Amino acid sequence: MSESINWLELSEVEKLKYDSNYLRGTLPESLADPITGAISDGDTQISKFHGIYQQWNRDVDKERKRQKLEPAFSFLIRLRMPGGKFTPKQWLAMDELSDKYANGTLKLTTRQTFQLHGVLKRNLKATIKEMNDQLMDTIAACGDVNRNVMSHANPAQSPFHAEVIETAKKISAHLLPKTSAYHEIWLEKKLVADSKEEVEPLYGNRYLPRKFKIGIVIPPHNDCDVFSQDLGFIAIIENEKIVGYNVAVGGGLGTTFGKPETYPRTGTVIGFCTPDQIVDVAEKVVAVQRDNGNRKDRKQARLKYTIDRMGVEEFVAELTKYLGYELEPERAYTLERNGDDFGWIKGSDKKWHLTYFVEGGRVLDRGEFKLKTALREIAKVIDGDIILTGNQNLIISGVSTKVKTQVDALLKTYGVSPEDISGLRKNSIACVALPTCPLAFAEAERYLPDLVSKIETILNEYQLGKEEIVIRMTGCPNGCGRPYLAEIGLIGKSPGYYNLYLGGSFNGSRLNTLYKQTINEEEILNELCPIIADFAANRKDGERFGDFVIRKNYVEEIKEGKNFKH
Amino acid sequence: MSLKTNPLNDAQLSALSQLVEGLNKEQTVWLNGYFEGRLAALGGVDVPAVTGTTVSTAAAAPPPQSSIKLTILYGTETGHSQGLAEKLGEKASFKGIDARVLSLYDYNYKKLNEEDNVAIIVSTHGEGDPPDMAEDFYKYVTGPRAPQLNGVNYSVLALGDKTYKHFCKTGEEIDVALKSCGAYRVTPAVKCDVDYEQPSETWMNLFLLNLSPAETPEPVVTSAPTAPASSSAGGFGEEFSKSNPYMATVLEKVRITGDDSDKEVYHVELSLEGSGLEYEPGDSLGIFTKNPEALVGDILAFTGFDAEQKVDVGEEEMSIKEALSHHLEITMLTFDLLKKYQEKTKNAELAKLLVDDEALDEYLYGHDVLDLLEDFPYDWNAHKLVEVLRPIPPRLYSISSSMESVGEEVHVTVSVVRYERKNRKRNGACSSHLADSIEIDEQIPVYIDKNPSFKLPANGSKIIMVGAGTGVAPYRAFMQHRESLGIKGESWLFFGDRRFNSDFLYQTEWQKLLKNEILTKIDVAFSRDQEEKVYVQHKLKEQQKEVFDWLENGAHFYLCGDMKYMAKDVNKALLDIIQTQGGVREEQAEKYVKNLKREKRFQIDVY
């Protein structure tokens, strides 16, 4: 790559990445600065590549400002764990770390991994070291690189689970940044003879223009929302084996209010590859994006914009050049739902698997509801694993019949037996939002449970309590909770006010459409009430809520991301 | 299009939209000049002589430097306001206007009344909130301390998003506030939606066109509607002092230790407006106070005195309750009081205590008059007790502000004394009174207590400032002083407290001072953030080579804070440093310190 770069026309982050000496930045100096609990502005960008986000407690922002204290800075640490499968020992380590260095809770993310919140700067190194001791790392959990690779989560649903999770791990390892910065900074390992050249053969010294996300699903399950990924793989099973994967490119959800040129987009299926091509395909799609993505405007930098700018055909042509072969034509598949199926299932492995609903993905003890304790005790006794799903839930996986009984008893003891929860709540996702996420305009995780209760009251009036409806809320339009694919999507605009989107499909293949702008709780309920009444009275047999609102013209179907409006 | 705020009719608006659509930069610059020329020809506004009268000169070479000064302030969260402020700055410079661009965070808003021309570009967020960096400014101009701004010209560009309920609220409110402060609105405020480019451009051009030189300020159209009643005339000619304290109004009172602190420290700002009182950094503020009601009640109950019984305090007759509440010291014990008490009571045990230095020290610390009455019983009557007790003295607090920076105000930093002993909650007389009973807008009696032995060097000599807890107060005053007067000189702060997160007093101010290079270095010790206790003296020793170097190079060394522990430990650390770094024995090190004191380069304010 030519080094004569016109920095003026590029986004500031490009220069930061370039100057960071392969993701070192000034992190050692920032960590040593005793005057602030923050790291330098530039380092807040670089730290993301290490899985670390600087945040602060926004609840006390105003108060601390008046107190002449800096914001209550702390850090979010996100793990990288392709496929989300953790050993009980690793679970226990995370449980302990959350008490020792974080805010005492674990957040299960929408990308099948853990987040710790509230880690102070002075405890960052110790936390990461202790994770490393349990063979866990946070490399590339954020930043302009390939992030945590998701895969179908439930071994009980498919005998191919083990194979796809291995594939996810392979892709993750292949696309991992090669710099030793992480080991030097956090684990204090000395740099071994550095030959500067080819530190990052795939990424180069400016990495990708923007984040990059990959997920693999096994139809009919779409539990990691394959169309939301920059690169999605859909396993194709013929004659009892995975013969290959359909390749979907250009999914991506983040948008920005007030910038109509930003929009969510569902991935486009461009062909089929064999299992031994999948890593190569992943690498080459990343490479095409590396060389063609927009580096001037970060709000136009995701692969979805690259593809819409180039046109799908030209993109495929370019990809073919990089690959040196053509992808086969896509094969038939059917996806049924993007949520999780809860409860115990006996797998083809003869073992038991419990998919367990975790509201908002937050593992904590609250009064009599002692989820964190229960899971800790369960982790101590199980003979299987704990797998995180892409919907903020978890699976206690691969246990014997005897242990199954123990698990049930422990859940009961700690007051967290799977309740008879409504179809709406089961399918709810909320991002973290306030008080720690700096991007949030409104509440999400702390508020959605209450709102769901209020919508449940309406649903119950029409005997729809069991009806499964996907509802997702985020505090901002960046899309972490994938609200654009929900049947009912709520995106925060300002405290107490949300945009209401309707008409996503139950299987996650269609974007929803803006229905009402900037409305409060009362207005949300008033808007939903007549639609639910209509749905109860006039739905066709088996018709989903998201499909109904489109058939009845409550909203117009969005066929292409470009047509999406806020 | 959000051109609705403009006075154009629909037809004009649509023609304008048509005209500007697809214009390139060059064409826009030309048109800009064209409109300026037209505006000048219309004569509808005062056009500075320097503005070109023809299109070509208006858009061409910059005119000569005029005497117009312009301060452009921005408050932003997304960077848009900053971008526009910088653009306005460029435009202004191009017109020969002496413009500076500052964020509202970096701007000392107390100097607003000294400005000639001010442009404010500010956005609105969430529920009509100002951006973080504009919050203090916003509070200042919209709040009760809003300044008089006669002679200041201004205009506001408000940014916002029409999909929110409180569209451009912050900008609007600042605009209205400045007008009611007496400032002259040069051009009307313009509110911009997310497509702000055109309306902001129009606002900039109109504003710059209307700026007139400072010598001929616009007549002020409005009269200040809410002139504060507490005019300075009331105290004119009257001299305030310890014997005639000034009733200072509390302007601000805020607890500056965070939620998870186990200490309560308040930052209190008081008005000295019209008092004629003056102070310098290093001086103290004397505050007259009253005793905690609970303690007064307990003493009355224990002694069985009738609360309304009359007693003589000095020349005055009053009830015993009044005497104990407002006139006599009851929260603290002194040697003198114990002696008088013993003389009256002939208590043998107390006599023993008075000759045992160590036990005496211990007793004096943390006991009050009720303890004394309980521990050494005697059949008191009210008159006799009043004779023994000493008058309640005012409490002294190191001033944490400089008049050069805050004008007729004085700031103090008060650590609230509360502890429990013998199952009884004890409260410091003044600190708890300030914390619990005094609110903003109320008044308290104060005077200035000069402290000539704790003063900044007159020149810009190096200074090393060591303080723990509220001992940091005078250093805030030092830094304000140097900053306001533009005194260059290296400075180094050693600060210690318990916890980084909640006890880093004035943290954001130190950060700003460091950034602006008013404060050169800072070292901090937080004793409870790790297993082993770390205090300021440890930090001094860590940096001993450089500390000694500074001393050798004429640095002044200041020590402020707790007398009992910190002062001793820091003294000891300093002696160690001089011995180690100077390669001398203890006596010589002591001599070195003595010499520093003689040269007034080692100054101490401990309590």
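Every residue gets a Cβ built from N, Cα and C, even glycine.
Keep in mind that this is a model prediction, so the values were computed, not measured.
Feature annotations, reproduced from TrEMBL:
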- B:S123, B:T124, B:H125, B:G126, B:L159, B:G160, B:D161, B:K162, B:T163, B:Y164, B:K165, B:H166, B:F167, B:C168: FMN binding site (BINDING)
- B:T331, B:R395, B:L396, B:Y397, B:S398, B:T413, B:V414, B:S415, B:Y419, B:G428, B:A429, B:C430, B:S431, B:Y607: FAD binding site (BINDING)
- B:S527, B:R528, B:K533, B:V534, B:Y535, B:V536, B:Q537, B:D569: NADP(+) binding site (BINDING)
- B:70-208: domain 'Flavodoxin-like' (DOMAIN)
- B:243-457: domain 'FAD-binding FR-type' (DOMAIN)
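Here the features listed in TrEMBL are painted onto the structure.
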| residue | record | contacts (Cβ under 8 Å, 6+ apart) |
| --- | --- | --- |
| B:S123 | FMN binding site | B:G75, B:T76, B:E77, B:T78, B:H80, B:S81, B:P131, B:A158, B:L159, B:G160, B:T170, B:G171 |
| B:H125 | FMN binding site | B:E77, B:P131, B:T170 |
| B:D161 | FMN binding site | B:F167, B:D193, B:V194 |
| B:T163 | FMN binding site | none |
| B:K165 | FMN binding site | B:E127, B:G128 |
| B:L396 | FAD binding site | B:S284, B:L285, B:G286, B:I287, B:D449, B:Y607 |
| B:S431 | FAD binding site | B:Y266, B:R395, B:V414, B:S415, B:V416, B:V417 |
| B:K533 | NADP(+) binding site | B:S527 |
| B:V536 | NADP(+) binding site | B:V466, B:G467, B:A468, B:F494, B:F495, B:G496, B:D523, B:A525, B:M566, B:V570 |
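According to DSSP, the domain 'Flavodoxin-like' (B:70-208) comprises 56 helix, 33 strand, 50 coil. Between the alpha carbons (Cα) of B:Y419 (FAD binding site) and B:R528 (NADP(+) binding site) lies a span of roughly 19 Å. There are 21 other Cβ atoms within 10 Å of the Cβ belonging to B:A429 (FAD binding site). In this structure, of the binding-site residues B:T331, B:S398, B:S527, B:Q537, the smallest number of CB atoms within 10 A of the CB marks B:S527. Taking the C-alpha atom of B:D569 (NADP(+) binding site) as reference, the shortest distance to any of the binding-site residues B:T331, B:S398, B:A429 belongs to B:S398. Candidate binding-site residues B:D161, B:T163, B:V536 yield B:D161, B:T163 as lying near chain A, with Cβ-Cβ distance under 8 angstroms. Comparing the Cα of B:Q537 (NADP(+) binding site) with the Cα of every entry in B:T331, B:S398, B:A429, these being the binding-site residues, the smallest distance points to B:S398. Least crowded of the binding-site residues (B:F167, B:Y419, B:Y535), judged by neighbouring Cβ atoms within 10 Å of its own Cβ: B:Y419. Cα to Cα, B:S398 (FAD binding site) and B:Y535 (NADP(+) binding site) are separated by 21 Å.
The record assigns B:S527, B:R528, B:K533, B:V534, B:Y535, B:V536, B:Q537, B:D569 to the NADP(+) site; their largest pairwise CA distance measures 18 Å. When other Cβ atoms within 10 Å of the Cβ of B:D569 (NADP(+) binding site) are tallied across all protein chains shown, the result is 16. Annotation for the binding-site residues B:L159, B:V414, B:V534: lowest Cβ count within 10 Å of the residue's own Cβ, B:V534. In the three-state DSSP assignment, the secondary structure recorded for B:V536 (NADP(+) binding site) is helix. Residues within less than 8 Å, Cβ to Cβ, of B:R528 (NADP(+) binding site) and separated from it by at least 6 positions along the same chain comprise B:R498, B:R499.
B:A429 (FAD binding site) sits 31 Å from B:V534 (NADP(+) binding site), taking the C-alpha atoms as the reference points. Between B:Y535 (NADP(+) binding site) and B:T331 (FAD binding site), the C-alpha separation comes to 30 Å. Annotated pair B:T331 (FAD binding site) and B:V534 (NADP(+) binding site), C-alpha to C-alpha distance, rounded: 32 Å.
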